[in-house]
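Per TrEMBL, the features are as follows:
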BINDING   A:550  ATP binding site
DOMAIN    A:12-208  domain 'Aminoacyl-tRNA synthetase class Ia'
DOMAIN    A:220-360  domain 'Leucyl-tRNA synthetase editing'
DOMAIN    A:382-574  domain 'Aminoacyl-tRNA synthetase class Ia'
DOMAIN    A:616-720  domain 'Methionyl/Valyl/Leucyl/Isoleucyl-tRNA synthetase anticodon-binding'
MOTIF     A:547-551  motif ''KMSKS' region'
RNA sequence: GCCGCUGUGGUGGAAUUGGUUUUACACGCACGACUCAAAAUCGUGUGGCCUCACGGCCAUGUGGGUUCGACUCCCACCAGCGGCACCA
């Protein structure tokens with residue numbers, strides 16, 4: 001039979017829809033397995049090779065578990081709010097609602113053509129009011145719990161996307177979305193108090209043994225907990241502040257603190273409250289604050305600073321010390337001021353040397369004693385509160401009303417969702433104001449509390465809002481009364497295995513853990529941590545080893561590969577490229593190897609007179625273990641090797657082979673299962689084969705004979721020989737005799753069925 | 001600078017609870033079969049060096065070490081990738 005994927009794949013995809021291959025049952029009595037892959041942004045370019053990787057892995061894993069008797073939930077949806085969707089819409093001049101719907105339709109077609117066994121009956125869309133109703137509802141719970149607050153502060157601002165950004169969205173000083181260098185801007189923003197969960201987020205990592213170490217470590221570093229102390233220094237003759245508080249982890253070095261340094265931000269606050277700073281100080285502060293964050297914090301930069309002329313008292317030795325202002329001190333960490341101990345800190349030393357400040361070598365004091373005497377214990381985090389408002393149109397409206405009389409009032413839960421108004425003009429304004437602010441008939445509303453005139457909050461939520469709880473919704477996606485039914489959550493959550501990218505470690509993965517912990521604390525959900533096991537995948541590069549990009553011209557389009565080779569070949573080659581977690585380069589040349597393999601599978605004719613195969617049992621063991629441990633590349637190799645080595649197989653053994661191959665090449669195996677094997681039901685509904693452990697043992701083994709650790713011969717023998725039997729056999733070898741002639745045998749090392757080593 | 005990961009043929013990669021003459025599987029390449037020819041397919045070979053050959057020596061980034069035995073463990077160094085980046 002000739003293998004022509006284009007003739008068979010559509011037919012079986014339709015068949016799977018009809019029989020509901022991926023449908024998960026909330027009332028199943030089976031053991032559950034919740035397998036999740038990050039849901040895609042439906043961008044205008046369609047899904048790319050980077051999507052194929054986790055979805056194929058998840059699909060193989062899901063099909064495997066279904067065949068092993070699990071009730072599997074492998075859902076999919078669309079993370080369709082946010083900048084990519086909106087920017088695409090702006091570029092094409094189409095309303096984001098329409099372009100998003102088109103992009104979703106296209107992406108869905110792609111996923112179906114790849115043979116993914118998602119449960120399409122649970123498809124969700126973050127831009128669907130029925131969905132974002134609950135995103136808004138969660139926000140209100142955060143607000144009511146005091147974890148959402150409004151504040152004016154210096155925030156990251158992307159001048160190209162024209163919106164504020166969270167700390168996590170600034171990668172190497174640039175906007176995570178568009179790569180533009182981020183500016184600092186003083187703006188009124190909504191924040192989520194993720195810092196209140198810093199300890200819980202950190203502590204929870206301890207209970208996730210199946211997360212990769214590097215992922216946990218990265219989150220740990222991002223949270224950045226350090227234990228130290230707050231120490232107050234009194235300020236002399238200064239009316240704008242009586243004392244200056246610093247955070248330090250080295251209270252034991254307090255006696256060596258010979259000056260204090262404040263950040264330009266703190267100096268600015270003093271100036272704003274009326275301090276007549278010396279001219280050079282005022283000038284320095286102005287210049288520092290105007291600098292780009294990256295310039296200011298570049299490490300190889302020379303230290304700069306100015307003496308404020310103000311003096312303070314070191315509480316330990318009562319000595320008078322100067323206060324300087326310098327931009328190596330960060331305004332946003334600790335108190336925005338430090339005590340400088342040049343003897344013990346390289347940065348302080350560099351500064352002191354440059355400006356001729358005192359460096360003394362005072363003895364250390366016990367740290368706890370110092371804290372007790374001169375300050376208070378303090379735990380400081382690097383984690384900042386999450387800037388949660390965006391000045392863009394395409395996002396969930398924040399469900400709050402501003403009322404002159406009542407202040408900020410939450411929209412009544414009965415009135416959710418606050419739907420995004422239909423407008424023609426939705427370009428970002430760039431003024432720090434959301435485009436929604438211009439829509440008067442939407443903005444003007446009644447206060448939910450007093451019924452008087454009120455104005456809606458016009459900022460929208462960030463990209464990350466909808467994805468911060470989506471896995472919960474999959475458990476019960478159509479629920480109108482709550483985000484998901486408790487018993488459905490009890491059955492499905494937590495997610496057993498979560499496939500996704502490394503780039504989300506300190507973004508989506510951190511945010512969603514935060515929301516999950518919060519919802520758990522509030523009693524709305526049943527699990528403390530959302531994902532039991534996290535499996536990151538490497539990125540797919542172009543054949544030149546560079547990131548795929550249009551400008552490089554190295555983009556490989558999965559649709560074209562599919563047209564040429566079919567979905568099964570594409571899937572298997574993608575898995576064959578390398579270990580799931582490593583970065584791989586897509587090399588279109590190598591794909592023919594997989595196509596040739598599937599051609600041979602298709603052309604294989606089983607032979608009823610062939611004896612029962614033992615190697616098929618080894619294959620069952622190998623494939624079962626490889627899928628379980630996410631080693632798909634070696635599983636594919638094992639299939640190839642098996643077919644190379646077995647030219648004759650009877651029908652029963654061939655059937656086992658086809659079942660094992662089914663999760664990898666779902667269409668081709670289904671075709672063979674029906675057309676060649678003449679079965680009526682689906683190959684994907686079969687039970688996973690079980691191997692006979694008695695049959696995988698070899699009767700004959702090859703034992704290596706070493707002399708002083710060097711291999712000198714190999715003897716074939718029955719398995720399970722004792723040491724003396726093996727010794728006798730080995731000494732009979734001519735080669736061994738030759739090498740043993742010159743010495744006496746001392747030690748003998750024998751490892752059964754493997755090797756015998758004579759030490760001479 | 002700090003933290004983490006990686007380093008094996010022309011290429012992607014296998015093998016790491018130390019143990020079957022490193023390089024499974026695949027690509028590529030060479031030769032052969034089939035063909036008028038090509039493609040496809042099938043078969044054989046394919047780490048390096050020396051040798052007509054038998055055979056030998058050297059090889060898992062580099063240099064040491066532990067061990068009967070090291071790709072696998074330890075130390076130092078080099079190179080690449082990722083994260084954080086003046087966090088006091």
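Using N, Cα and C of the backbone, Cβ positions are placed for all residues, glycine too.
These figures come from a predicted structure and were not determined experimentally.
Put simply, of A:12-208, A:220-360, A:382-574, the stretch with the most CB pairs closer than 8 A to the domain 'Methionyl/Valyl/Leucyl/Isoleucyl-tRNA synthetase anticodon-binding' (A:616-720) is A:12-208.
Per-residue confidence over the domain 'Aminoacyl-tRNA synthetase class Ia' (A:382-574) averages out at a pLDDT of 94. In the domain 'Leucyl-tRNA synthetase editing' (A:220-360), the DSSP tally of helix, strand and coil residues is 46 helix, 39 strand, 56 coil. Sorting the domain 'Methionyl/Valyl/Leucyl/Isoleucyl-tRNA synthetase anticodon-binding' (A:616-720) by DSSP state (H, G, I as helix; E, B as strand; all else coil) yields 52 helix, 17 strand, 36 coil.
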